[in-house]
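Novice: The following block contains the structure, expressed as structure tokens.
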Amino acid sequence: MASTHAGAGAMAHPFLPLIRKVAPLAVLVLLCIGFGLASENFLSLGNLTRILSSAAIPAVLAIGVSFVILTGGIDLSVEGVIAVAAVLLASVIGDQAGIGASLAGAAAAILAGAAVGLFSGTVHVALKIPSFMVTLGAWFIGIGAATLISGGGTLAIRASSLRSLALTRLAGLPLSVWIAVLAVLLAVIIQRRTRLGRRIYAIGGGEDLAALSGIPVRRTKIMVFMLAGAFYGLGAVLAAAQLGQGNADLGQGRLFMTITAVVVGGTSLLGGHGNVLNVMIGVLVVAVLANGMILLGIPPYLQQGVQGVLIIAAVALSLDRAGLRVVK
């Protein structure tokens, strides 16, 4: 983690904020142009629909992660929350097929996510344990709880009302995409129009200054972790609807790509800088890159290497290294 800022960095690079702001969109446009020229199928309507569909769940998860990172923290519990939320969803629905059961299951999943966030946030602020350690523990607790509830197996979801989130289309796009759009709009409102949103940015800019200005830092951070957990729970609902099942492995592999999308979208790991709309551009960059590499037949191990380079480059661009005296 980097520490100790110096004011000279900003003076030495007057165009750096502008570069950081436009870089994600520029990368997205260049990727679309490059893959469009390299593959005749990339810009087809069917493939663009697939890209948006694949971006729906990462978008919802990235919203939650971005809120925590904006405060200067980090949340590694994503996969554990998805696991326990999806298993609870499947358990509540059971063999029922009605919309009432689906709504009850979805509510249980979202509340479970918020509950994990409440646990993580409370332990973090009460015991002053670094957020990455607390949420790492919450990750494994979530996996363990999901395994216990499911008996180590997979719980099938047959409710057509829930499955329709992935299978039913509106204006050519799955309902999951529209739910992700609504989630983005909600996040934008929270960030721009609410007291919580203003407090999040203030805490990310400096906890001590935020506390001196009268902001209840501890309570706000707990609320942020709860909010993030609720978004992870919603992501679990969409993932379970897509696969028609809930198990402890449902969230596997989603953490890295989610954090990558948030950082690629220009959110500073130091907190205080970033917004949901740019995070969505980051999500699309990751989705387009993954889709384009598959179309070009690039081997999976090379795809992972490219994604690793992407996140290193994004972090390098997001930090003002000239303004840091110590990097740990």
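Note that Cβ sites are derived from N, Cα and C of the backbone, with glycine treated the same way.
Caution: TrEMBL annotation is automatic and unverified by curators.
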Novice: Look up transmembrane segment in TrEMBL and report which of 71-90, 131-150 it refers to.
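Specialist: Here TrEMBL associates transmembrane segment with the stretch 131-150.
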Novice: Looking at 25-44, 305-324, which one is transmembrane segment according to TrEMBL?
Specialist: 305-324
Novice: Six or more residues out from either end of the transmembrane segment (170-190), which same-chain residues have a Cβ under 8 Å from its Cβ atoms?
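Specialist: Distant Cβ neighbours of the transmembrane segment (170-190) are 45, 49, 52-53, 55-57, 59-60, 63, 66-67, 164, 196-197, 227, 231, 234, 238, 241-242, 275-277, 280.
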Novice: Need a quick answer: max count of Cβ pairs under 8 Å to the transmembrane segment (99-119), which of 48-69, 131-150, 222-243, 255-272 is it?
Specialist: 222-243
Novice: Which range wins on Cβ pairs under 8 Å with the transmembrane segment (48-69): 222-243, 255-272, 279-299?
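Specialist: Answer is 222-243, with the largest number of Cβ pairs below 8 Å.
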